[in-house]
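Structure, as structure tokens:
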């Protein structure tokens, strides 16, 4: 399919869309030319305790990066997601939970969710948790994860959700960095029929001598299997919630009070604790949810993301619940126990809006018609894609097979740091091109710049930057504002640098080309090459390592690691397995290298810098243009690496 082919806006969408093409142009112009008026109006999507007078107060200036929105307003996120819906829609389903086992599912109304959140808020207060304290949440995909997050927001505690796939070492690092006082977990998680030892991982993390801030661990009973128990520290969820009062008055929070920390991989060193605040974030999550998914009251919405990622925060929970929507939470995986599981869930719950990742789409695509076998999917109206650029072939398959050629695909580009959608179609306003994220959302001013920071006009390619602030933008990195400025605002002055490259076509549509820094995107999850390299080098037999990403049909990118062993050590199949398991234990299963390339030396400049550009090309099998190798200390290394590469079995 030609990249210039446009999919027209379907008549059934055009007839009742919230934003049509003319409205998009008008509103977008206003949002750029007069952000105070535009976002002042959009802020009314929420209920405020103290209405704001100021809207935007932001600076991207070097040495003075400061981001404030609605700074004199007060509100409570949980009240906006729950309390305000009770009078008219208290009996509406807030969360549909679909278990890993298809025989397990339940509907939780707004009234029931409100009661549970109030009880858990009182539980937190009884344990001495107060406004500003950090609570670590390491939970499976169960409604109690949402209860824990909303209860933190209700009392003004800051939540730090840790993805359930992370290792004890990764958990410990996040607890130490944020000084979390409490950990909320479950005995085990369940995924694709297998149990995940969540409590054991937390126990192991808390054995780290540098973890000194944690006072209690609240444990939800999910599987009921035996776990270790530390009397006094460990507390059962049910015991606490049963004796807690269902009455709780939400805390008035300033719009700029911290809401959550979410750790994301950086290209250097330890993961970064991205900090989002309350008001601007929720305005942005709710506004983007409403317009991008063309949400109408009564729609059943399903975002397949885990709560441990920003998508789970903004578009599984907070955006939908702020809008009074019914959101589906799925414990399992899209292709287990059958390739048609995702479509079976769509039919079972009559899902209207489906938001998933290219990785899932490609995995289902590989199954062919088995992915849709015996399913109807006629309830679907809007499809969405998130986590990484979607290749046109997968886009077309998704549109054709899952959506039966009648559902617009909103391919959303955004990041943990942006809080919400940045470049995305609006279903009733923008014609679609397979593989393009299309146009910017309201208030978002993207630009493409060359490596010197000069803006590139017209149809071109370059580094993707944003030239002015938006309400959902992260305010800082927890405890390290200097690193925040250094990471996002130092490469190009007075601009937010996304770390992604993009091209813009003759219609002004954006095509994301992927990371330009040393961050990998594996199955929609960001992993820093530095973090994986550090784990490899920590192995007693490894001298040096360099990690690059290679294209992978299902995961988007696979992890290719060049490894130099210590003098006297020899490669072996046993060591290969040992090293892969080592990384798995250090970081988590996601970071396990797909390929280990044993080598005696790496291509380095005379100053000792590893030439990653060359390593990327060799790993990808692209040897046509290795570029200038004259700066290498030993140009012969490249030939040797190419020879070694011939013998390596690549992942399919």
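Heads up, the Cβ atoms here are built off N, Cα and C, so glycines get one too.
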Which candidate from 377, 483, 515 does Swiss-Prot annotate alongside 387, 388, 389, 411, 412, 413, 414, 415, 416, 500, 526 at the ATP binding site? 515
Within a 10 Å radius around the Cβ, which one of these binding-site residues has the most neighbouring Cβ atoms: 192, 537, 542? 542
Proximal but sequence-remote residues of the same chain as residue 311 (CoA binding site) (Cβ under 8 Å, at least 6 apart): 303, 305, 355, 386, 387
Fewest neighbouring Cβ atoms within 10 Å among the binding-site residues 193, 387, 389 goes to 193
Is it possible to get the count of other C-beta atoms within 10 angstroms of the C-beta of residue 414 (ATP binding site)? 24
Given the binding-site residues 191, 194, 539, 584, which one has the fewest other C-beta atoms within 10 angstroms of its C-beta? 194
Where does residue 542 (Mg(2+) binding site) sit in DSSP terms: helix, strand, or coil? strand
Taking the Cβ of residue 416 (ATP binding site) as the centre, how many other Cβ atoms fall within a 10 Å radius? 19
